[in-house]
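These notes are about the structure you will find just below.
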C-alpha cells in the first residue's frame, strides 16, 4: 500500500468511520457516561474560572489572565473531541466527514501547542514574581501579556497548519475505518495509500521542538525559582513562595506526563502495548487535564477559591 504512487486526481473519501476503542466495545456505554461527566465538570469548571477572572477586578493579574486563557483552551480541546467520542461510544461507532476529521485534528493539535506555550508563560510569570518582585508590574505589562498570548497562538497556527495540509492531501483509497475514537493523527495516517512518513516525521520534529523548548525553559525557570526560594531566610516565606507555584506545577505534570507517555506509546510501543490501551491513553490525555485543571487551581489557590465561592453563593 505504501508503495503506490501519489494520485493527485484521486477524490478524497466523503467520510471516515470511527470505531471507538477497539477491543473495549463492551465498555463503551460506561466510557460514554464517564466522559460525559468529565466533560460537564470541564465545561463548568473552566467557565467558572473565566467568569471569575473576568468579573473580579482583584484578579486582573498576569497569572490569572494566563489562567483564563488556559481555561478557554481547555474548553476548546475538550469540545473538539468529547461530544463526538460520546456519540461514538453510545452508537458503537460513528462517521465523521473528511473535512470534519481534519478540522478536529487541527484543533486538537493547535490547542495542545497553545497550552504548552501558556504553561511556559505562566512559569515565566512565577519566575518574575518570585525572583524579581520589585519589577513585576514593569516587566509583565498588559501589552507584554497580550504579545505573549498572540505569539503563542501564531506559533501554534504556523506549526500545525502544514501538518494538517500534508495529511489531508494524502490519497485515501483503501479502508476508511479509523481504529480510534477521534481523528488521531497516526491512526488516520495509517489509512493513506501513499507514504505518510513525511507528515509523521514533521509531527514528531515539530512536537520535539515546541514541547522540548518549552519544557527546557520551564525547567530553567523553576531552577531559578527554587534557588531564590531556598535562599530566603524565613521558612514561612519559603513555604508561601512554594505554595504559589504548587498549582502550576501540578497542572504542568498533568499536561506533560500523560502527553509524553501517549507519544512514546504511539511511536515506540505499538507492537508491545495493546491497541485499546494506546487509544484509551490518547483519549484520557485530552479529557483529564481540562477536567482537573480548574479543580487544581480552585483548590490550591486561596484567592481563586474564595472568589469562586463568593460567585457561587452570591456573596
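Note: Cβ is positioned from N, Cα and C throughout, glycine not excepted.
According to TrEMBL:
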- 30-55: transmembrane segment (TRANSMEM)
- 45-297: domain 'G-protein coupled receptors family 1 profile' (DOMAIN)
- 64-86: transmembrane segment (TRANSMEM)
- 106-124: transmembrane segment (TRANSMEM)
- 144-167: transmembrane segment (TRANSMEM)
- 201-225: transmembrane segment (TRANSMEM)
- 246-267: transmembrane segment (TRANSMEM)
- 279-299: transmembrane segment (TRANSMEM)
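With a threshold of 8 Å between CB atoms, the same-chain residues lying at least 6 positions outside the transmembrane segment (64-86) that come near it are 18, 20, 32, 35-36, 38-39, 42-43, 45-47, 49-50, 53-54, 94, 96, 104, 107-108, 111-112, 114-115, 118-119, 121-122, 125, 145, 149, 181-182, 251, 283, 286-287, 289-291, 293-294, 297, 304. When Cβ distances are compared across the two stretches, the transmembrane segment (279-299) makes no contact with the transmembrane segment (144-167), since fewer than 3 pairs at least 6 residues apart fall below 8 angstroms. Of the two recorded stretches, the transmembrane segment (106-124) does not lie close to the transmembrane segment (30-55), with fewer than three CB pairs under 8 Å once pairs fewer than 6 apart in sequence are set aside. Here the transmembrane segment (30-55) has long-range neighbours at 20-21, 24, 64-65, 67-68, 71-72, 74-75, 78-79, 82-83, 85-86, 89-90, 283, 287-288, 290-291, 293-295, 297-298, 304, 307-308, 311-312, meaning same-chain residues at least 6 beyond its ends whose C-beta is under 8 angstroms from one of its own.
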